[in-house]
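Taken straight from Swiss-Prot:
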{"type": "TRANSMEM", "residues": "16-36", "note": "transmembrane segment"}
{"type": "TRANSMEM", "residues": "46-66", "note": "transmembrane segment"}
{"type": "TRANSMEM", "residues": "97-117", "note": "transmembrane segment"}
{"type": "TRANSMEM", "residues": "138-158", "note": "transmembrane segment"}
{"type": "TRANSMEM", "residues": "166-186", "note": "transmembrane segment"}
{"type": "TRANSMEM", "residues": "212-232", "note": "transmembrane segment"}
{"type": "TRANSMEM", "residues": "248-268", "note": "transmembrane segment"}
{"type": "TRANSMEM", "residues": "287-307", "note": "transmembrane segment"}
{"type": "TRANSMEM", "residues": "339-359", "note": "transmembrane segment"}
{"type": "TRANSMEM", "residues": "368-388", "note": "transmembrane segment"}
{"type": "TRANSMEM", "residues": "397-417", "note": "transmembrane segment"}
{"type": "TRANSMEM", "residues": "418-438", "note": "transmembrane segment"}
Amino acid sequence: MDQHKGDASLGGIVKALGLVFGDIGTSPIYTLTVIFTLTQPTRENVFGILSLVFWTMTILVTMEYAWLAMSLGRKGQGGEIVLREIIMKLVKTGRLVAFAGFLSFVGVSLLLGDGVITPAISILSAVEGLLLIPGLEGLSTGTLVAIAAAIAIGLFSVQFKGTDRVAGAFGPIMAVWFSTLAVTGVVSALSMPEIVEAINPWHAFTFFRENGLAGYFVLSEVILCSTGGEALYADMGHLGRRPIVKSWYFVFMALYLNYLGQGVFAITHPEAKNLLFGMVRDQMPTLYIPFLILTIMATIIASQSIISGVFSIVYQGITTRLLPLMRVDYTSREIKSQIYLGAVNWSLMVAVILVMLLFRKSENLAAAYGMAVTGSMTITGIMMIIVFAHTTKKWRALVALVITLIDAAYLLSTFSKIPHGAYWSLILASIPFVTIIIWTRGQRSLYHALKPLDLETFLISYEQIYAKGPIRGTGLFFTRDTDVVPPYVVHCIIRSNIIYERNVFISLVITDEPLGVETELIKGIGPGLDAFRIEAGYMEVVDIEALLKANGIQEKVIFYGVEDISTRNPLWRVFSVFKKLTPNFVQFHKLPASRLQGVVTRVEM
């Protein structure tokens, strides 16, 4: 399994801070504050919670993602779709492949649903820091929500311009943010040096023993310290493994030092409503406003990384045929992976603002937050067990099993959040999940309903018609495979006698590798008939027109099929609506409109 190590220099590490760690890096704004609204901040409880935070970040982020998951890259790429492709290549059993496919569908859906709640809670929690500024204590909840919504609208409104111009500043800003977290945490912790003893897992066991079942359900809030940990693996393709892992060591230290400082502040100021903001204002009141500005910038960067991550996941889903085609715009001439999906962007913005309006406070959002990410972690763990069980490193499957059981324990604890709004995570995740199921099954059913003709049978009639005299020029026909002929091609050539001097069947095959483009021109499969096969990785941006020119194919007209679906099945009706509302293949690949000719085929499903 190929691993791209990446740039582990200081520049690469700083860049990773801005691109990967925004989500987990803003967790200190709300994590302990939420926990200690539910749990009394006694000395024993604080030590127990801080112990749980340390071991949660160690096991679920460092071990699960930085160590295990990031060893399973493919050409440097990571994520649950990558794990699915690895399993499909390793495993031959149909049921296990189907199970892995289903898990990846659920995992991707949970991550997309999480992409709504994360920007909402990050921005809202930062804006709530305004309440600690003298003179602004009386700001209403509605005003705070309006400010947070305005920031979100501004962020989503500039996505179409791309982020490459300002992305260079993300890393340095986040470096300042993490350094500030570390320094403020140390300053607070110095007043109670024994707080470092919280690392001892015995404090966590004592907390469970003293609090019983209530202590177990606190895990549903403790997990907030690790939300965003999955980004280490998902974003591996952008930077490589080494800079992300090295950055994580610094981020881990900065985060935990801040949590220790907040723990001390919670013990000495049990009445505090927001631990991070209260601690910083107590330490340096004159610098509180600059810190608040830095906090808002950090949450904007965190939200930007989530938005970019959602774009990337959806693009992977499109290219692997899990999701319908959507219009994709490329926001950078130099970096093809920087993309903008308008439909996703505006849908995400509406959902984020809706969530802000529904929950109104970050503590309310925190009550709904965590189920999706723990579900995703558990699914990643199960998929890693399958992968490692089919490799020579079978002992890692045992380690992955232990971690997955811990994931499952956290996931089970989050079920206590369902009455408090966690069902919104499930509702949000169900939208992409249902879309994936309908789209994948619909495509399969449509392909069978079309009843393509095998090439040998097609060639018998084709050769007879070609002998009568073809039209001058070159005609291109898109097919799923060069060995079978779709009905629209049969209609064009056999029934309508539209045949050119040179006819080329073009097929685009998505491989199970993330990157790489290969082409093969097969000449003479019939008189005046060639086949052009493109094999591309599922993360590649394929310029079909450029590939045609590079292989000397100058088309006069490009034919493609348009299916007119007739059905009584309600699922296939939804599938038909998806087909009508989304771009078709040639529109997605931006082929020249003046040369396109759609051929309608009526299909009974």
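Glycine too: its Cβ is placed from the backbone N, Cα and C atoms.
Simply put, out of 46-66, 212-232, 339-359, 368-388, 46-66 has the most Cβ pairs sitting under 8 Å from the transmembrane segment (248-268). Sequence-distant contacts of the transmembrane segment (138-158) (same chain, six or more residues past either end, CB-CB distance under 8 Å): 119-120, 123-124, 127-128, 130-131, 296, 300, 303-304, 307, 345-346, 348-349, 352-353, 356-357, 360-361. Most Cβ pairs under 8 Å with the transmembrane segment (97-117) belong to 368-388, among the candidate stretches 166-186, 212-232, 287-307, 368-388. Among the recorded stretches 46-66, 166-186, 212-232, 418-438, the one sharing the largest number of Cβ pairs closer than 8 Å with the transmembrane segment (16-36) is 212-232. Tallying C-beta pairs under 8 angstroms between the transmembrane segment (368-388) and each of 212-232, 287-307, 339-359, 397-417, 418-438 places 397-417 first. Between the transmembrane segment (212-232) and the stretches 46-66, 287-307, 339-359, 397-417, 418-438, Cβ pairs under 8 Å are most numerous for 46-66. Nonlocal intrachain contacts for the transmembrane segment (46-66), taken as residues 6+ away from its ends with a CB within less than 8 angstroms of a stretch CB, comprise 24, 31-32, 35-36, 39, 195, 197-204, 206-208, 210-211, 215, 218-219, 222-223, 225-226, 229-230, 232-233, 244-245, 248, 252, 255-256, 259-260, 263, 266-267, 377, 380-381, 384, 399-400, 403, 406-407, 410. Proximity of distant same-chain residues to the transmembrane segment (397-417), defined by a Cβ-Cβ separation under 8 Å and at least 6 residues beyond the stretch ends, is recorded for 56, 59-60, 63-64, 68, 216-220, 222-223, 367-368, 370-371, 374-375, 377-378, 381-382, 384-385, 388-389.
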